[in-house]
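K.L.:
Below are the features listed in TrEMBL for this protein:
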- C:70-259: domain 'ABC transmembrane type-1' (DOMAIN)
- C:12-31: transmembrane segment (TRANSMEM)
- C:74-96: transmembrane segment (TRANSMEM)
- C:105-124: transmembrane segment (TRANSMEM)
- C:136-155: transmembrane segment (TRANSMEM)
- C:181-202: transmembrane segment (TRANSMEM)
- C:240-259: transmembrane segment (TRANSMEM)
Amino acid sequence: MRNKKGLSILSTAIALTIFTGLLAGCGSNNNKGAAESSQSASTASASASPTESASPSATEIPKQDVTISLTAASGDTWIRPIDQEIIADFTKETGIKVDVQIAPADQYAGVLKAKLAAGEGADISLIWPEANAAQFLPDTNFLDLSNEPWVSTLTDAAKRNGTFNGKFIGWNPEGENAGWGIMYNKDIFSSLGLEVPKTFDDLVAVSEKIKASGVTPIYEPLKDSWHSGIWFALMGPIGEKNNAGLMDKLNQNTASYADVPEFETFLTQYKTLYDNGYFGKDAFSNTWDKGIPTMQSGKYAMFMVPSNMDVQSKAQYPEFDFAKFGEFPTPLADNRSLAVYDGTIIRVINKNSKHIDAAKQYLSYISRPDVLDKYYAASGLNPAFKALPAIQADLEKSLRANSDGTVNTTMETGIQFWDSTAVGNYVQELLAGKKTPKQVLEAIDNDRKKIFTAQAQ
Amino acid sequence: MRVSKLTKRMFPQYLLLPALLLYFVLFLIPNLASFYYAFTNWNAVGSVVKFIGFDNFREIFSSASGNGGVFRNTAVFAIYTTVLKIIIGLLLALLLNEGIRTKNILRAIFFMPITISVVLTGIMFSEIYSPDGILNGLLKLVGLSSWTHAWIAEPQIAIWSVATVEVWRASGFAMAIFLAALQMVPKEIYEATEIDGAGSFQKLFYVTLPYLYQAIVLNTLFGMISGLKVFDLIYVISNGGPVRSTEVLNVTVLNEFSKGAYGYSTAMGLILFLFVTLAYFGVNYVFKKFEVDVS
Amino acid sequence: MSGSRTKSRLVVEIALWCSTLLILIPLYFVIVNSLKSATEVQMMTAKLPAVFHFNNYVEVLKKANVPRAFMNSAIFSISSIVVCAVLSSMASYILVRRNTRINGMIFNLFLVGMIAPMNMVTTFKLMKTLHLINSYYGIILLYAASFIPFTIFLYNSFIRNLPTDLDEAGVIDGAGPLRRYISILFPLLKPVTATAMVINFVGCWNDFVFPLYFVTESSKWGVILLLYQFIGAYYSRHDLLFAGATMIALPTLIVYLLGQKYIISGMTAGAIKG
């Protein structure tokens, strides 16, 4: 009896779903057809309007029935809740719908590359800025936005951030920030009478005292291997300082990592920190996500984080008191420079998009002063626009104060084909004794060589 | 073999066609065609695809690539999970075949893990295995503090820990296959041995096992194929780390794919394909040698 | 004699129930964490929540697109497992019964599908050529195509054990091949069909790769990608993540419980003897 009942429920469910599936299939096909035809009409009118009148006022633009797609990875620095709110406002005003598609972070780059290669990229995509955009072939895939009116309202850093190969391609919300440094617990430092370390030897001495007091000196999330990659990326400025023109040479493939002594020193010293037990015994289990809650417990004294961590994480960790923390540049290879970011992830328009005008309209909407006010009020970010006052949060002020004042671009954005995860994996092979510092550098060079050769053909 | 007219009429080939056509067009063509690219330098950043012979394979097997561990991990994972799934699955099936009042609920519970998404299973076990997770907590509770480990963070044991999750996940499926096969054991034969007073072990060995032969073959094949091709479970729990100690072939394939190194990634995929084929025929060969006739 | 047997059976039963803890404890862990507050969940302990936040589930349900995503997943999963089961069992029937050289080769071709890795770029190009990108049909057919090898494999080993006199009986009745397959064979295959359907359903329901690549509108995405939309939009809200994940796991459990009886009931006793 029960058997039969189960079966009939199942079969009814199956029949129903197939039926609705067919309906939905047909329905959406129809919708799509309708949307496409109405869209082509509206793009025609939209593209006609600028030629007719040079200054179309906002009220005159007819409402359009267009949907543009926007892809991003999952993660708090990609699409924020305020982005979604502003998208809703945008749709209300223009009729243009934005379909936000968020992909799993670890799949994102692969999917985007494959789709772009097949000519099926989304209308707007979020990608890494500056030289690191190279992996997505910006020249072939993304629209040159240099002549958009809002570009002139950006800060110089934001313009640099959105520029690839001389063309401005991407909008980004965030102004310059001082990049990553080592955040330290001021209470632990003062109770042990410690000073902010300026050299690697200082860092070792400080860590030794912290360790002796029963606190683990550094929270290092080795399970997220990209974090080890970031440590390395921070060595760009010191490398450049001692080897003039290094970054350019790396980007032209005329220099190799293995030839830079500072990088080898960095690797040896990073391993020393690990070998001396300053990362604690659970380092390989530690994850980035648990970093802030763990720092709160006071079991660790230092944690390498971006200098805008306090702004970024306020919403997520309302109980965490960032005022108790300061930050200093990673002093490996005796570095005291800052590896700055000109901005953050950029929004680019697909050259093959069928809705280029609507996509452009979205970017100019989110650059409008009233929209920006709303955006920054909610996000608390340092603005990327000249008209708005620059913000430096406390952590960043502390980091800048502890540096020697010199800055340069981080290798994460400044070097083509930089891949923090891949680099981090090699660095961790060093920690496990599977590679020597030299071999790590050679492995990175080898990966780059492959890409440059593939690109040359 | 010649087919009689009757067979032809009774079993017309057209019933086979829809499946073949669908599978051939949507699956076989694109995926086999991709193997051509294993011999090219196809890369997301390059505009030209050039034939480069065996260069990708040379690089995969070069000592500098450090891929040796990847092959070892894949083999360890596949063999360990297959063996344990069969042992546990068989044990559960024999115990739950009859005589237990709550056998239906128990069967349902033991089969359940495979119905849970791998992503969720992965998140679950990452936490359970963490140094201050449940597993170590339990060990400490029963006074085995010295047995505690950072289960997925110590390179020597990480692959075993991850593989154990697969055993946890899929033993119930092996059990289901064994149970289905056990229904084929004729009752009379079973009862006959009971009257003879054959001990449970002997009964299991001499009577039941031959009938389970097909199920063992099936489970071994499924276990080896899915074990060699494992991907998402490892990706979620450890992503191949720490220090590549849990990296298996399919993880490398995806990592290279994400980097845009399509040629290299496909070459790796082709090697995996050859391995699985080899394992398949190997398993078949071994079982053919020991085939037991029950009919 | 029989007394000691019941006793030993009871011991076995108790031992089995104890070992279910191995399965139930991890599940408890997820459910307990899905009921914690956003801050409490960050440390992910096995402790009971200070306050039970059933609200997490309500919050998940309130998000736009949740019913839509469930609907999409149901359409993808149910349609593809049905298509796959029907096509595969028909094909297996012929493959096993009409054991010719060609059919042996065809079986090996299907086998390749169980072994071969998928290449997303070439599949993408093919789907684009066939205009199957962003269509329900395309995704359903692709799922069905990728499930066929495993399903045929499963069917083959069971059909092989079915006595042939059943087919012959049908022929005497004058039934055509299709009718014989529908009225005689397919009902006998319930256990395998149920097994294949449950396994394929789970695979399809939990897959996010096909929609991620081959669907270009998020309104046609399924539940797993919805979960990621969530992580993206609401930071690392692990409380919601666990609640969402638990909800997403429910349908697979229900399908399993519905199919469970058939899976293990084995071949229908009346039809086969020995």
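Including glycine, each Cβ sits where the backbone N, Cα and C put it.
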K.L.:
Can you see whether the transmembrane segment (C:12-31) and the transmembrane segment (C:240-259) are touching - at least 3 CB pairs under 8 angstroms, only pairs 6 or more apart in sequence?
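P.N.:
The transmembrane segment (C:240-259) and the transmembrane segment (C:12-31): touching, yes.
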K.L.:
Under 8 angstroms, Cβ to Cβ: which one of C:74-96, C:105-124, C:136-155 has the largest number of such pairs with the transmembrane segment (C:181-202)?
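P.N.:
Selected stretch: C:74-96, with the most Cβ pairs under 8 Å.
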K.L.:
Below 8 angstroms Cβ to Cβ, which residues of this chain, lying six or more residues outside the transmembrane segment (C:105-124), approach it?
P.N.:
91, 95, 133, 142, 146, 148-150, 152-153, 156, 209, 213-214
K.L.:
State the residues, same chain only, that lie 6 or more residues beyond the ends of the transmembrane segment (C:136-155) and have a CB under 8 A from a CB inside it; answer 'none' if no residue qualifies.
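P.N.:
Sequence-distant neighbours of the transmembrane segment (C:136-155): 75-77, 79-81, 83-85, 87-89, 91-93, 95, 107, 110-114, 118, 123, 127, 130, 189, 192, 195-196, 199-200, 203-204, 207, 210-211, 214-215, 220.
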